[in-house]
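I have placed the structure first, in the form of structure tokens, so that the comments after it can refer back to it.
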Amino acid sequence: MASHILVLHGPNLNLLGQREPGIYGTVTLASINQSLEALAQELGVTIECLQSNHEGVLVDAIQGALGRAQGILINPAAYTHTSVALRDAIAAVALPTVEVHLSNIHQREAFRHHSYIAPVAIGQIAGFGADSYLLGLRALVNYLQQKANS
């Protein structure tokens, strides 16, 4: 059975392409999702994408992934630095999770340097624009394949 990956996009990512293009680029969220779908097919996995500006919706999606998905790819956006709830949900479901960011959060304002998600993720990819998502999906699928073969 092919692996199923839950892809979560946090607050304000619905505005990609128009929001602060100097930081986040001009690629839209729809375009990122299309690229992820194409890569998922190439890698032999399925994905389900969800964007929400609401923390509880994201928590519900993470909890709902239990028994349905083998991994989570998440850009928590601003919730990276504030959400113990997302961190606890990821820890609770114990699914391999990769955290991604379009910008390099460690080169930005000091308050963006801390991630509540990173300690419960298998890895973090930041600073490669929309490619961060593709790199994250590749890394997650590779991790799942290695785990299945061990």
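Cβ from N, Cα, C; glycine included.
Marked as site 'Transition state stabilizer' by Swiss-Prot on the basis of sequence analysis: ARG19. The active site, proton acceptor feature in Swiss-Prot is assigned to TYR24; the stated evidence is sequence analysis. Swiss-Prot lists ASN75, HIS81, ASP88, LEU102, SER103, ARG112 with the feature substrate binding site, giving sequence analysis as the kind of evidence. Look at Swiss-Prot and you will find HIS101 tagged as active site, proton donor, backed by sequence analysis.
Distance from the CA of SER103 (substrate binding site) to the CA of ARG19 (site 'Transition state stabilizer') is 13 Å. Put simply, HIS101 (active site, proton donor) is 20 Å from ASP88 (substrate binding site) when counted between their Cα atoms. Cα separation, HIS101 (active site, proton donor) to HIS81 (substrate binding site), rounded: 12 Å. Cβ crowding, taken as the number of other Cβ atoms within 10 Å, peaks at HIS101 among the recorded positions ARG19, HIS101. Under DSSP, ASN75 (substrate binding site) is assigned to a strand (E or B) in the three-state scheme. The residue listed as 'active site, proton donor' falls within a strand segment according to DSSP.
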